[in-house]
Structure formats: structure tokens, C-alpha cells
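> For reference, the structure I am asking about is given below.
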Amino acid sequence: MNRRKIWETLRPYVMILPAMLAILCFVIYPVFYLLKLSFYKYNLLNKAKSKFVGVDNYEQLFAKDEFYTALTNTVWYTIATVSLTMLIALLLALWINQKKGKKINALLQAGIFTPHIISIVSIALVWMLLMDPNHGILNFLLKLVGLPPSKWLQSSSTSMMSVILVSIWHGVGYYALIILAALKSVPPTIYEAAALDNASRFKTFYKITLPMISPQLFFILIIMTIGSFKVFDTVRIMTGGGPNNSTSTLVYHIYEYRSNNLGYASATGIVLMVIIAILTFVYFRMLSKKIHYQ
Amino acid sequence: MASIEFKKVTKSFGDSTVIEDLDLMIEDGKFTVLVGPSGCGKTTLLRMIAGLDPQTSGAVLIDGKDVSHTAPGQRGVALVFQNYAIYPTMSVRENIEFGLKNNKVSKEERKELVESISATVGLSDYLDRKPSTLSGGQRQRVALARAMVKKPAVFLMDEPLSNLDAKLRVHMRIELIELHKKLGSTFVYVTHDQVEAMSMADTIVLMNKGEIQQEASPDTIYREPNNLFTAQFVGVPPMNTAPLGKDGASFGFRPESAALTRSATDAWFQYKGVIMTREMLGSETIYHVKGDRYTFMIKCYEDLFAVDEPVYVGVPADKLFFFGADEKRIAKNAPGYQAYLDWLRRQVDE
Ligand SMILES: Nc1ncnc2c1ncn2[C@@H]1O[C@H](COP(=O)(O)OP(=O)(O)OP(=O)(O)O)[C@@H](O)[C@H]1O
Ligand SMILES: [Mg+2]
């Protein structure tokens with residue numbers, strides 16, 4: 001009897017043990033290891049020569065101009081990518097949702113989703129070709145409509161915009177599909193009720209559609225913010241942080257110090273983690289009241 | 001206050017025509033009930049009045065004006081949906097207020113209206129709740145309040161009571177009748193429950209397969225059904241009907257018009273059978289009587305017989321109905337009536 005009772009209390013813990021072990025090994029331990037590294041001057045060649053330096057790495061970090069450049073770049077990148085992707089995805093989803101033809105819809109959905117299944121490396125490479133100032137199609141098109149050509153990735157004033165453009169293009173279809181699914185789950189009779197209540201199109205959107213899809217929008221906002229703060233691949237391939245550090249982001253900054261100053265890179269990683277944690281927390285505090293869960 | 005008129009209205013979805021060339025006049029200020037079996041087009045008709053699914057051809061007139069090109073919100077109609085369609089993201093108050101806000105009703109007036117309507121339907125304590133925390137009956141009241149608060153000229157209801165339990169349904173039925181008396185607006189009420197139709201309606205419009213079978217008061221529909229379909233649809237249990245064996249005609253009588261006896265009587269129509277089942281419903285009992293040729297449902301107010309007992313079913317001449325081969329009822333003063341009556345008497349004698 002007693003043994004059975006013990007088993008009853010233990011059972012849930014035993015059940016989640018494998019998952020917890022995996023999380024412990026692959027999430028918790030690395031995070032703490034990263035934290036430890038950030039307090040060391042680490043020697044990759046000779047581990048024994050590594051030494052504890054306290055908050056030196058952090059002091060160094062907050063004194064570096066490059067870090068602030070990377071941080072500012074990342075913030076701008078995040079703001080632009082998240083807001084524009086969400087806006088375009090929402091508009092796309094609304095547009096597809098009000099289309100009646102089944103075949104056209106399937107085609108459109110497949111079309112906007114395709115960028116998501118292509119490797120970002122390939123996408124970045126193709127866009128680099130398109131954005132070539134001399135032979136690229138984009139400049140050719142600009143000239144065709146009579147606009148001045150752009151230097152795209154090769155000027156520090158347009159490089160960030162170009163990276164943002166590629167990121168949006170890559171992500172927008174995927175998020176549009178999530179929003180579309182949310183839109184489709186709104187019962188049509190609610191819209192009919194709104195029509196009978198003499199609601200204008202704007203009011204219907206603002207008071208009914210938007211609250212109904214708010215959980216999905218909130219999810220996208222958080223996922224995208226976190227993802228954008230960690231942007232790396234496009235930068236690595238398309239610009240290498242340049243020209244003149246104009247596209248250097250936090251993760252790219254970490255990457256640059258991966259071998260010659262591991263402790264410093266770790267400290268940057270910790271700072272990035274803290275920023276994302278704070279941001280997510282703020283989002284929840286600010287928005288959770290406005291989200292309507294069914 | 002408004003009358004509603006359908007003029008040669010046809011409604012198709014793709015290639016399937018649900019309603020064809022329908023003419024119907026719904027009177028101003030009346031409680032009209034649309035009734036019919038599932039899929040006969042009741043909801044479709046209601047949605048055409050509301051303008052949610054406009055007719056394919058023909059015209060719908062509200063208060064004499066063609067509203068074919070008027071938006072749903074401008075027609076002066078309110079609709080209570082079958083599934084309520086309450087805005088889930090808004091509180092009860094916001095739900096009720098939404099239409100008023102869109103119609104630019106001032107804040108004070110809005111407040112007053114919401115308070116008085118919510119008191120009427122008994123929602124005063126729930127105004128700041130979200131619909132997801134309400135019971136089915138309370139949600140239905142929200143839907144009703146949302147419709148009522150707009151003071152519509154036409155009040156459309158699509159099976160608003162179908163999700164409620166039997167007791168609450170009876171209660172709400174009475175409340176709706178009172179509401180109609182109080183508001184005096186035109187009510188169009190859809191149901192497939194004929195008890196509901198009989199108990200609430202000034203006028204019943206009975207439909208089948210997109211066609212109007214009969215349009216009359218509950219009393220007339222019950223006593224003078226136009227055709228076989230109406231006769232078989234109305235009443236619990238419905239009218240007993242059977243082929244007459246002449247000209248493809250049929251005869252029928254109400255379950256409560258027949259008398260059950262143990263020995264033969266001199267009733268005009270007499271039929272010998274055995275009681276197959278007995279349903280005791282409290283004040284009345286329904287017997288299922290089976291003979292060689294026919295089976296009948298008989299309603300008695302006294303519970304005198306047992307299962308397997310042989311009995312005589314007797315129906316007086318004036319309680320018999322006859323329907324022609326075209327399923328139309330043959331009136332008592334029509335030429336064929338007496339011949340059928342005599343034929344029926346002779347049939348059973350043999
Ligand atoms: N959007 C639609 N597309 C195609 N057919 C439809 C559509 N709406 C209704 N119908 C068809 O029209 C007919 C009438 O439907 P309607 O909803 O008016 O029935 P109803 O009388 O309200 O039935 P119930 O009592 O079951 O609610 C049905 O045969 C239905 O299949
Ligand atoms: Mg219906």
C-alpha cells in the first residue's frame with residue numbers, strides 16, 4: 001500500500017525524466033558552461049593556461065564601439081524585419097483569404113511557402129547575384145522604370161536594407177500561412193453578425209478579425225523577434241558584416257571572436273540571451289491582456 | 001414595423017436550385033414561423049431577408065421597398081443565429097453595444113439601452129463577462145439582447161432555442177411570445193420543431209423542398225391541411241394516412257379522432273387490428289394498432305388497453321380527410337368527396 005503511494009507520487013517525475021535529462025545535457029549545462037566561459041580568458045590551444053578574469057570580458061565588451069554598432073544594427077534589423085514581415089504577411093493572408101478560387105488559392109499558398117523550404121544559403125547566394133550593382137537584375141529593373149540604380153550590398157548605406165529585404169522575402173510566406181490558418185478558423189457567422197450590426201470594413205477588421213487572430217500574431221511576434229535578434233546566416237554569406245561594419249550583428253560579432261577570444265564571445269552570447277529574455281518578458285507584460293485565447 | 005414580401009424569388013447555389021419562383025407575404029407585426037424538414041430552405045429564406053446571401057433572381061421587399069441592393073446593416077433587420085454567433089473577444093456589454101456604436105448612438109443613450117435590455121433578458125449581472133464563461137442559455141440571451149437592442153423593424157430568428165434543454169426551451173418560448181407582444185415588430189422565426197411552430201405562431205409557413213406547402217394560422221394548418229405533406233407533418237403523432245385503393249387517392253384521420261373499442265360499433269370507418277405497442281405519455285396514451293392492411297397511431301386520453309389485445313378502430317365520417325392523386329386535399333363540398341366516403345365504407349365492410 002505504502003509502496004504504491006510512493007510510486008504514485010514518483011510516477012510523473014519518472015515519466016519526464018528522459019526529457020529532463022536531455023534538456024539538462026543539451027540546454028541547461030551549455031548555458032551554464034557559457035556563463036562560466038564568459039568569466040575566463042580561455043586558451044583554446046592549452047586549456048590549462050585558461051584563467052579566471054572575473055567580469056573583464058564584460059567590461060571589455062561594454063567599452064567596445066563595435067559591440068554598440070552590432071547592437072544598434074541588430075535592433076534596427078529586428079524592428080524592420082519583424083514589423084514589415086508581419087505587416088506583409090498579414091496583408092498577404094487577408095488577400096488570399098478573401099479569394100474564392102480553390103485552385104488559385106492552393107497555387108498561391110504553395111508559391112508563398114516555397115522560399116521557406118529553400119536553404120537560406122541558396123537564397124542569399126541567388127539574391128547576391130540579383131543585387132550585383134553592375135550585372136544584377138534588380139538594377140536592370142530599376143533602370144527600366146527610370147529609377148537610379150542602387151549599390152545594394154556594396155554600400156554601407158544600403159547594405160542593411162538589402163539584408164532585411166532578403167530576410168523578409170524568406171520568412172513572409174511562412175508567417176502568412178500561419179495567419180491564413182488563423183483567419184480561416186474565424187467562424188463566418190461572426191462576420192455576418194458584424195455585417196448585420198452595420199460594422200464598417202475597418203471596424204470589422206479592427207474589432208473582430210484582429211482580436212480573433214491575436215494569439216497567432218503574438219506568437220509570430222515573439223518567435224520572429226527572437227529569431228531576428230539571432231540573425232547570422234544571411235549576414236555571414238551576403239556581407240560578412242561589412243561594408244564598414246554596417247551589417248555586423250550581435251551573433252556575427254560573437255562569431256568573429258569565436259577563436260581568438262572565446263571568453264569575450266561567450267560574454268556577448270550571455271548579453272544577447274539576457275536582452276532576448278527581457279524583451280520577451282516585456283512583450284508578455286505589455287500584450288498578454290490584449291490577447292484573446294479561445 | 002415592416003412587412004416582408006418575396007416576389008418570384010429564386011435562389012441557387014452553383015447549379016443546385018434550392019428555392020424557385022417563391023412568392024410570399026409576411027405581414028407587418030405578425031409572429032410568422034417558418035417550419036419544415038431539415039434542408040428545405042428555411043435558413044436560406046431567412047438569410048435572403050437579412051441580405052447575407054442575396055437571392056439569385058426576383059426581389060425581396062421590406063416595407064414595400066426593394067432591398068436587393070441594400071447592405072444587411074441598412075435593412076433594419078436583426079438576426080439571431082442558430083449558433084448565436086456572439087463575438088467571442090468582446091464582453092457581454094460590448095456584444096450588445098456593438099451595433100449601437102456602429103449606428104452612432106450616443107454614449108448615454110447606449111448605456112441606458114444596454115442596461116434596460118440586459119435587465120429584460122436577465123443579464124444585468126453578466127455584462128462584464130466574456131461569452132466563454134457563460135452557459136448556453138445565457139449566450140442565447142446575449143444573442144437575443146444584441147438583436148433586441150437595435151429595435152429592429154424585423155426580427156429574424158433561426159432556431160434560437162434548439163440548443164437549450166426542454167425546460168428552458170418552454171420558458172424561452174413564452175418569453176419570446178411576450179417579447180413580440182411588447183415590441184410589436186415583425187418576427188420571423190425558423191424552426192423544424194412543429195410544436196414550437198404551433199405554440200408561437202400567428203401564421204405558419206410550412207415549407208418542403210424549397211416550396212411553400214401551406215401558409216395559414218396554426219389552427220387552419222391543423223384542421224384544414226392543404227395537402228398530404230402538411231397533414232403528415234403537423235400533429236404529434238401526425239395524421240394517419242393510407243392509400244384508398246381508388247384513383248390513387250388517399251384517406252387520413254387524426255390520431256385523436258379515432259376511438260378504440262373492444263367490440264364493433266357503427267362508426268363510419270371501422271378497422272380491426274391488434275395493439276402492437278403502447279406509449280404512455282402521462283395525460284394521454286398512444287397505441288400503435290396493426291391490421292392486415294393498415295397500421296395506425298391512435299391517441300387516447302384513457303389508458304384502457306394492453307399490448308396484443310384485439311381492438312376496433314372507429315372514425316366518424318366528419319373526421320375523415322381525403323387527398324387526391326395530386327396529394328391535394330379534397331374539400332368536403334367537392335364533387336368527389338361523397339364518392340370516396342362511400343367507397344371507404346364499402347372497402348372495410350368486406
Ligand atoms: N452555401 C451553400 N452552398 C450550397 N448549398 C447550400 C448552401 N447553403 C444551403 N445549401 C443547400 O440549400 C438547402 C437548404 O438549406 P437550408 O440551410 O436553408 O436548410 P434549412 O431548412 O435551414 O435546414 P435545417 O433545418 O437543417 O437548418 C440544403 O439542401 C442545403 O444543402
Ligand atoms: Mg437551418
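Glycine too: its Cβ is placed from the backbone N, Cα and C atoms.
Per TrEMBL, transmembrane segment is recorded for A:12-35, A:75-95, A:107-130, A:160-183, A:204-229, A:262-284. Among the features that TrEMBL reports, domain 'ABC transmembrane type-1' is placed at A:71-283.
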> Given the transmembrane segment (A:75-95), which of the listed stretches A:12-35, A:160-183, A:204-229, A:262-284 has the most Cβ pairs that are under 8 Å apart from it?
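Highest pair count goes to A:160-183.
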> What residues elsewhere in the chain lie close to the transmembrane segment (A:107-130), defined as a C-beta under 8 angstroms and at least 6 residues from its ends?
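Beyond its ends, the transmembrane segment (A:107-130) has Cβ neighbours at 92, 96, 99, 136-138, 153, 162, 165-166, 169-174, 176-177, 180, 233-234, 237-238.
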> How about long-range neighbours of the transmembrane segment (A:160-183): same chain, 6 or more residues beyond its ends, C-beta under 8 Å?
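Hits for the transmembrane segment (A:160-183): 73, 76-77, 80-81, 84-86, 88-90, 92-94, 96-97, 109, 111-116, 120, 123-124, 127, 131, 152-153, 209, 212-213, 215-217, 219-220, 224, 228, 231, 234-235, 238-239, 246-247.
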